[in-house]
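> Attaching a single structure in structure tokens format; questions to follow.
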Amino acid sequence: MESELVEEMKFMSPSTLLNASNIGELKITISSTPSPHLLDSNIPKTPKSPFSAKILMSPLASPMKKALTYMEEIGQLTKLHDPQDAWLPITESRSGNAYYAAFHTLSSGVGVQALLLPLAFITLGWIWGIISLSLIFMWQLHTLWLLIQLHESVPGMRNSRYLRLSMAAFGEKLGKILALFPTMYLSGGTCVTLIMIGGSTMKIFFQTVSNSDNNIIHMSTIGWYIVFTVSAIVLAQLPNLNSIAGVSLIGSISAVTYCTLTWVISVVKERPEGASFEPVENKSDVARICSILNAIGMIAFAFRGHNLVLEIQGTMPSNLTNPSHVPMWKGVKFSYSIIALCLFPLAIGGYWAYGNLMPNGGILSALDKYHGEDTSKVILGITSLLVVVHCLTSFQIYAMPVFDNLEFRYTSNKKKPCPWWLRTGLRIFFGCLAFFISVALPFLPSLAGLIGGIALPVTLAYPCLMWIMIKKPKTYTPSWFVNWSLGVLGLVLSVLLVFGAIWTIATQGMDVHFFKPQ
């Protein structure tokens, strides 16, 4: 009798189950039913790579080997309807927890783009700089909460990918148009940028700690890009998002440490001569407006990682009594408390230390320029090494949605999981493609303002509009008013940032050079 009921439930939607006449009896029956993995032993599992199994598995992040023996609630029926989730890197392991969520969120939420925050204060000044940083921080924290709640907007149905949630909210075609490019850019484009920054910082590290007659420091920038890319590809053989939790922990510690070291050293050292806090004068009102927009764009772009929140939450188990949004929100609150303790002192302390003398490379460039001679090589070397480690670890979490999308194409066509050799080949292919783009388009970071403006709605606008489309709050209620206002404001801000970036490029020019990384 129970087996017949289970077979019937495989083809029932969660809404049908929730509308059952005797929900109490149904829950008792389900709770004594084996897990989806045990119910359907014919569903093939993703073959494990012998490399990841033997030498690459993170001890801290190894997914739990104990299979679930019982279904606790109706929410666990998701895998009965979508066995493909068990084949893809993001959702094949659902043994995540609040700690893993904190590691992933912190590693992806703090990055080298935060080192540019003092540049925004040069245009905005003290008061408006702090106000803008505070408002955008609270804004993106609100949209994070919305995404976490929307992950399971319908019991039993999980939106474990940003693109899927966008399609559920705006429709399949419009959802793809709005979210596909920004999310893929934030993943793939960030990996390209990490190769550039990581490879260049590797070169600086060896120049700092090695003797001048050491041949290794004379290697070209492209050579260092290759070293970084190979290291990233080897680390990318870890099978899924849960398996890199230990890697994310290392990346989180590295990011927090080098951010803290950078602003502490800058504040402790003597301020360079000529540093002032007078606002930079612009030749025209349009130039001034564009400078302000560019500064706001720098602050907004410092808070990245929203395209990964649903994916991180998708690694957690969930049911009606213990929904995944509870541990996810705990992990996010902890991680963003640490992020605030990194970004606010970095922006305020960096601007206090260098003022208008801050170079375009940010506070790390300022530290090297003004205090490179009077700072211990050990400290400078450790800071550079931490940047490299964080770039390597961030590469893994930002590349995971790309890996997931590539395998989704294969599993959709073949109706079976990727063999381990194909999974390895896809990850090598992506690493080589990212390396090629980093070498071919070394001026790509100069377009960060333009592309950041295009991707900004993913962080500040889309979550508010998706909440309205899915939750449908009553008209003129606080939830309706706040989310409509923030959603429209985010879209307008995105358009203004794109305009400002184009104007800046047109008036100031851009050094375009192909296949010549500096």
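Yeah, the Cβs are placed from backbone N, Cα and C, and that goes for glycine too.
According to TrEMBL, the protein has these features:
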type: DOMAIN; residues: 96-504; note: domain 'Amino acid transporter transmembrane'
type: TRANSMEM; residues: 98-120; note: transmembrane segment
type: TRANSMEM; residues: 126-148; note: transmembrane segment
type: TRANSMEM; residues: 177-197; note: transmembrane segment
type: TRANSMEM; residues: 217-236; note: transmembrane segment
type: TRANSMEM; residues: 243-266; note: transmembrane segment
type: TRANSMEM; residues: 334-354; note: transmembrane segment
type: TRANSMEM; residues: 378-399; note: transmembrane segment
type: TRANSMEM; residues: 420-441; note: transmembrane segment
type: TRANSMEM; residues: 447-469; note: transmembrane segment
type: TRANSMEM; residues: 481-506; note: transmembrane segment
> Do any residues, 6 or more residues outside the transmembrane segment (217-236), come within under 8 Å Cβ-to-Cβ of it, and if so which ones?
56, 191, 194-196, 198-200, 202-203, 206-207, 210, 247, 388, 391-393, 395-396, 399, 403, 427-428, 431-432, 434-435, 438-439, 517-518
> How about the transmembrane segment (243-266) with the transmembrane segment (378-399) - do they touch, taking at least 3 C-beta pairs under 8 Å (6 or more apart in sequence) as contact?
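Since 3 or more Cβ pairs under 8 Å link them, the transmembrane segment (243-266) and the transmembrane segment (378-399) do come into contact.
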> Under a criterion of three or more Cβ pairs within a distance under 8 Å and sequence separation of at least 6, are the transmembrane segment (334-354) and the transmembrane segment (98-120) in contact?
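Output yes: the transmembrane segment (334-354) sits against the transmembrane segment (98-120).
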> What else in the chain is close to the transmembrane segment (126-148), if you only count residues 6 or more beyond its ends and a Cβ gap under 8 Å?
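Same-chain contacts beyond the ends: 117, 120, 162, 165, 277, 295-296, 299-300, 303, 306, 309-310, 313, 325, 328-329, 332, 336, 340, 343-344, 347-348, 351, 459-460, 463-464, 466-467, 483, 486.
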